[in-house]
Amino acid sequence: MTNSSATSNPQPSDVEIAQAHTLEPITTIAERAGIPEAALIPYGRTKAKIDVPALRAEREGVNKKGKLVLVTAMSPTPAGEGKSTVLIGLADAVRTAGRQTMVAIREPSQGPVMGIKGGAAGGGYAQIVPMEDINLHFTGDMHAITAATNTLAAMVDNHVQHGNALGIDPRRVTWRRCLDVNDRSLRHVVTGLGGPGQGTPREGGFDITAASEIMAILCLATDLEDLKKRIGRIVVGQTYDRRPVTAGDLKCAGAITALLRDAINPNLVQTLGGTPALVHGGPFANIAHGCNSLIATTTALDLSEVVLTEAGFGSDLGAEKFFDIKSRAGDLDVAATVVVATIRSLKHNGDSVLKAGLANLERHVSNIRKFGVEPVVALNLFSSDTAAERSMVADWGEQFGVRVVECSVWAEGGAGAADLATAVLEVVDGVSDEDASSSSHQIYQPVDGVEATLHTLATEIYGAADVQFGPQALKDLAFLKDNGWDKLPVCVSKTQYSFSDDPSALGAPSGHTLHVRELVPRIGAGFVVALTGDVMTLPGLPKKPAAERIDVNAQGVISGLF
């Protein structure tokens, strides 16, 4: 998130602000969160993992469940609208208001950090720190997921090489390798070249780690045992007679789980304001389910009064998947939802006309209401915003019956979200556990089938009139039905820039057709991925990647991260 200051005063870069801040010892943050020493696994002085089984044992008999606040956004510009930044500033403001507070968000992917984003741990004076560590290697979770994914790929090819007892058809191997780098040249590759001793030649490819099934599994598993069961169910391909082959068939679920033994533990860090933050798991919302790990969220809810979490991009992507996939898997109830908006994005979605762009925000608010939750709109201020523009958004809020609260957390940190915290806490305090459980809900029932689910999402959330299945999607649908997988939740892979599958159709398009090109069974994760439009599961670098600005000096101090 860049330069969303409500003032025109020069401000240091995000990394300069983070490096100038004196971090509290992670033991102090753990104590503030109520995490006993026996459940803390330090990674240096400012990072740690939480041993969740040890924490549960230490807290046995303690019946505490916090209120969950979900932060989403309107359709973004390519630069993003500061959703994470607002969440972090809001969390600091809620803690300042006297509530025991925790943040539970995703960890950044190295690909976008080196690509277009240049960092993804908040911005300005609303950051999670140590930001350099979080944005680069952190505690190694991404590497563990990458290693697990590629080990499974190696096991598939090795089985084919050594007799192929399962009868795997190399032409129908669906398991792809992954890496945490934006590299378009690896989307489609041929492996096994070089002769009989080098493997069986076949077409394959790479996905970015954040889009891998093992990332999704890690983020939806409830514990290590559940993780291993889910990994065993991963479908890696088909036999010559079209039967599915799983990781369990390859007898490697235990080995893959062993690689993830430590990665399943949530990571504990802190905001600039000293609020404990669990940063764990990082599936993208446009090509995956877009939510942090279920283990981190439930752990935070067990420890705090108020937990703030986010779901990637807008109500049509991360928020929908939060309610329909993550919430369903973890039986989560949402007490309040914040929709982040900016004048910049309103103009972008209105072809430079702010008033026209309000239709986009209006649909996002309407979508959230369909999940049974009344949202608060957070208007994230920029120095370029005029009083007239801000007034127009406020007037729209009154007319549409939704509360709009301005915030300036990039420039002011938690102090810039004091009014927003008041508004959100009013909603949270007005919702009992019973109310949250009975009101927040999913928008479809998987038992109705994949076709019905996609039609519901297309018409109710995207504003579409119809769904069109391409030739490959129709074949995939038949395969799903043959194996009894057509009644799973659906994770739609779709552009984040539009309610349609066309990234150029900004605003609030309606009456369009959702084009589904493939249906991919992610049985370990427990859902079916619907690939739409031209979305790629391995991004490429832009013409001027953020990596060109990132540097490190002789003392090891990193610069160039936003």
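Every residue gets a Cβ built from N, Cα and C, even glycine.
Not measured: the values here are computed from a predicted model.
Listed in sequence order, Val71, Thr72, Ala73, Glu310, Val340 are the same-chain residues at least 6 apart in sequence whose CB falls under 8 Å from the CB of Lys83 (ATP binding site). Per Swiss-Prot, ATP binding site is recorded for Thr77, Pro78, Ala79, Gly80, Glu81, Gly82, Lys83, Ser84, and the stated evidence type is sequence analysis.
Of the listed binding-site residues, namely Pro78, Gly80, Gly82, the sparsest Cβ surroundings within 10 Å are found at Pro78. Cβ neighbour density within 10 Å is lowest for Thr77 among the binding-site residues Thr77, Ser84.
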